[in-house]
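Student: One structure, pasted below without further comment.
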């Protein structure tokens, strides 16, 4: 094509071609044909039609969907997603709720599914159960059906497409017919629209170039934390980041920006930004509902960046011999020298020796912190923020991919962690959002209690004004103010010298419930049971800083190495007003309680009447479970000790105390009749419980010295070498023990109180949070009959239940609700409900229930509601209301009340917490309880596995021990070191019950199955071996794991153990 000449700097332009002309005849013919086609398309004449076809876009979407005629292998994205499942089967205790979700994933819901770097958008089509775990089916943007667990969902929007459209898509891997294909095309169109809008939003958000981390991280000093902002975790939400990213940048004032109100796709874009940047942001335990992320401290981020920078070649120094060196290479050389010298031994008591041969440099501390931070359970929905771990460990151990137990092994080998240091401690002391512990369990809690107590004493010592003008509700409470007086003091019923039996473990600290019994003189088969619950809300308002911290902590947490109380011990055990029953110095002054009284039929366990009232108890009798069992003539210490070492039971003092009073003995026998009748009632109602054992480590003798490990604030770490291991006893107990004797008395009385709380709120239409559980799904009526016939009198199934378990499709599911629902597992009917209210010292939700009920009690007395009828006995015992309390209860919320001249009216009644508040609270409370339950399970699994590993090392040959790993030696089969020893050895004849359907490992593709080892009280994973599987009698029950049926008892041998972030015990079928 010829080009015109141009001047300097002017680009050449092509010479245009001459126009081409159409003759008038041809143009008129073309125009007539077009008009004719338009007319016919609007009003087709008879016989003129065309075959409907999908448009181009629909055709392209349809091509992505596998059909019976068009199959294809899984996409690379699906393959990566499947291979990213690192969870496998459960460990020694398992996660009973693993795979469950805090979301309600109904058909038609939009979800983002994530595992590490693999993710996709999808629409939920349905679900099914495998091993009693719900598996969801989602049609993804790839046109494929992906199976995933609830934990894989990182983002959800309900009802993006109609549920009937989702159901029409079918559940098969391929579209079985045209209707399913058409429905899937429609769903893909919706997904494509979301994906395009999200990509546009992501591009716009990223183009702003804003430093989101700097905008949301912690800065400055904290009034409640001595750490500077650079060392404190922060918190942010998806909506907050979406707003930040939509802000018009100051340096680009003309740049287009989004409206302040973020849309669904803008929120999804912000979510993707946060979840993908795991170096800076960490999902919180409840992120799927709260959309909340933890923000790493700047110090942590800088250390992570430093370690990753040190892995890069350009940041290394070239030595004269041509090799590259840097901080990591120097650390590796030092570590190898230390490991050659350190020969750790687990024999003897714990000890430590300060090494004189090396010190840790600041760079070493940075790397050690990096390794410790990586030693925690994998967050499956986020990319690994510690990719350099593999780089470091491969240079130390010269092996392929390394797992978390290798990180643990290294830290133990070099003395950075003691051999007995539970990896959970790394999470508890990090102040991370995972458990939200470090920043709230602080020493300043005791200082707050001291200040608030002093202020309260001053207020109480001040002369009160006349009751005509004194108005305690008129106070405005500050964040550290206790109530100056008990808001319901005038309503309290004084139980005088009535014995209140506080029954708990001998070493229990938070004693929050006691029980009294009172005969009904004209009805010998009826009694009143009074359940007295500790009342911290008598002085603690919901606005107090300790209450706010309790809300965040959710519950007290109990570990072998210590307790993390929800409320500080200085508050619950204060000598003047301590809430823990029996903790005050002078019992004659009494302790406040919230008392739930029920009249019970001793034959049927039916509730005939109830009363709820604030109380005062003055005669607490504190005893342990074993002492009560001894007085009742029940078997004591039903636990087993498979390795010996059963401790002596010394309960003579408490048992003698109970026997010293005929009334004590009579009361306990009456309460025992109540518990027996309650257990029998559940049996009649068809409740069944799977019998299982659980291990516990007790009598641990801890070392007298601390064992520090690297953290984000560590500036110096002494080079210690640790040896030995704390002595302890391995105990196994069975869940059946809670339905007998003293444990049953306490459990059944607490259930009576919880039923009473629900009925009180039901009868007054008070919003409340209830606990409910669903009926398990059984595959046939015959199977249900077989299950019920296999029960013991307490409703337990025994070992036969494992075999019958194959008929149970889904277990009972417990959850929270604001509606009136029954609790199947406890045998509580739909019209009663169940409200947890018996542990306000260790569960924040129970404390909320107390505030709510006391608000209603006082409002009834003040006339804000029509008074409810009381029993005749209650009417005689109740105290009159005082003028002082005439307007009191707005003080429960810490706000000012109406003036004293304002008279309360029926219309002015309102609950302290609304139904909507409880619905929001239920979601976050469930998520918080769930992560704490998992942490407790990990803690138990770690200690159980560590104990078994140490015992095996001491008593068996044929294992290779690497401190935190035990595996069979390649040179010899495991055998006892002393075959003639008389010491107990359960390893010689181990058996286990298959408690799941065999699965293939996602990586090795070998078959494996969960087995429950009743003798040891643990779950283990049985891995594939090329041998027959036999029952304890030697009969072949399966040719391999793949063919093993649920409930089959098989002979096994321990084949390996490992600690790390997710401890595990492996077994293999026993050789014959």
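Using N, Cα and C of the backbone, Cβ positions are placed for all residues, glycine too.
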Student: Of 950-969, 970-989, 990-1009, which range does TrEMBL call region 'Disordered'?
Tutor: 970-989
Student: Region 'Disordered' per TrEMBL sits at which of 456-478, 479-501, 502-524, 525-547?
Tutor: 456-478
Student: Can you count helix, strand and coil residues in the region 'Disordered' (970-989) using DSSP?
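Tutor: DSSP composition of the region 'Disordered' (970-989): 4 helix, 2 strand, 14 coil.
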Student: Average the per-residue pLDDT over the domain 'RNB' (492-859) and send me the rounded value.
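Tutor: Residues in the domain 'RNB' (492-859) carry a mean pLDDT of 90 in this prediction.
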